[in-house]
Amino acid sequence: MKRHTRKIAIIGTGLVGSSCAYSIVNQGICEELLLIDINHERAVGEAMDLSHCINFTNTRTKVYAGSYEDCKDMDIVIITAGPAPKPGQSRLDTLGASAKIMESVVGGVMESGFDGIFLLASNPVDIITYQVWKLSGLPRNRVIGTGTSLDSSRLRTILSEMLHVDPRSIHGYSLGEHGDSQMVAWSHVTVGGKPILQILEEQKERFGEIDLDEIVEKTAKAGWEIYKRKGTTYYGIGNSLAYIANSIFNDDHRVIAVSAILDGEYGEYDICTGVPAIITRDGIREIVELNLTEDEESRFAKSNDILRDYMKTIGY
């Protein structure tokens, strides 16, 4: 019986791309891992280094460096290429440079005959995901950004430290921009199935007055707190990429907050933003529409309006 070989390409072997590759190899997510970088020798070096660590894992992944032409048979192409924000910049400030890079990258990949799923981490990820969808001509379910997946993880971590509960027992999502304007759908955050708003109300003596906006800001600024201390972030986003890729290959039907192109969901059209979505082997099977409160709807719409204003600067 012929078995399909799972194949992933990573474009951009900087800290994010190499961290993603390391997660993929350690977890045995695919059988073939192609690395592509504008500095080909760097990609070769990363492939060699990763190949040398495989004997210490329970997996057997073929890792090699190549070019866009090799993307033809890939199931997933992960793009991490792009400039890192400089001190004082937001992710949105890198848009112009990132957009130019995507024109070259997507053109090269599509010329190979690629017909799989794009998975994006390049910032600003929501707008870049939209651009890649437009440039590639692929169906919207097969162009996915990491969106607020990492933000949602950071939110759960912050809440777990506050509540002294395992973060895996906390469910909730950051929505909107992967950036400063993101919001949290507090009406849908639960701890062991119990609404967090109810918990905070019932246990005021224990927790005191909790400023929810402060938690949202702490979540949104978490990346910058890391940046101030070590210069950049890569483990969290690298593992997020690997997690989404694994969910695709395993047809998990797992709900993950990703950058998705909306076409009527949440009353929004022609925009890519962070929302919970069901991830399957075909990419996004369905966008999960949370029943937001009036205040949450307003905050979500405001975040999307900010994204739209920046989209106009690159012609969308």
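Backbone N, Cα and C atoms are what each Cβ position is placed from, and that goes for glycine too.
Annotation comment: Swiss-Prot describes H178 as active site, proton acceptor, evidence class sequence analysis. A sphere of 10 angstroms centred on the C-beta of H178 (active site, proton acceptor) encloses 32 other C-beta atoms.
The NAD(+) binding site annotation in Swiss-Prot covers V16, D37, R42, Y68, S104, A121, S122, N123, T146 and rests on sequence analysis. S122 (NAD(+) binding site) counts 28 other C-beta atoms within 10 Å of its own C-beta, drawing on all protein chains shown.
D126 (substrate binding site) falls within a helix when secondary structure is assigned with DSSP. Contacts of D126 (substrate binding site) defined by a Cβ separation under 8 A and a same-chain sequence distance of 6+ are given as G145, G147, E177, H178, S259, C272, T273, G274, L307, in order along the sequence. What Swiss-Prot lists as substrate binding site is R91, N123, P124, V125, D126, D151, S152, S153, R154, T233, and the listing cites sequence analysis.
Residues or ranges marked as beta-D-fructose 1,6-bisphosphate binding site by Swiss-Prot on the basis of sequence analysis: R156, H171. Taking the Cβ of R156 (beta-D-fructose 1,6-bisphosphate binding site) as centre and 10 Å as the limit, one finds 23 other Cβ atoms among all the protein chains shown. Annotation note: R156 (beta-D-fructose 1,6-bisphosphate binding site) sits in a helical segment as assigned by DSSP.
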Specify the nearest of the binding-site residues V16, S104, T146, R156, H171 to P124 (substrate binding site), where nearness means the distance between Cα atoms.
T146
Determine, using Cα-Cα distances only, which of these binding-site residues is closest to V16 (NAD(+) binding site): R91, S152, H171.
R91
On a C-alpha basis, identify the one among R91, S152, R154, R156 that is nearest to S122 (NAD(+) binding site); the candidates are the binding-site residues.
R91
About how far apart, in whole Å, are the alpha carbons (Cα) of S152 (substrate binding site) and T146 (NAD(+) binding site)?
11
Would you mind reading off the Cα separation of H171 (beta-D-fructose 1,6-bisphosphate binding site) from R154 (substrate binding site), to the nearest angstrom?
12
Just how spread out is the NAD(+) site if you go by the largest Cα to Cα distance in Å among V16, D37, R42, Y68, S104, A121, S122, N123, T146?
24
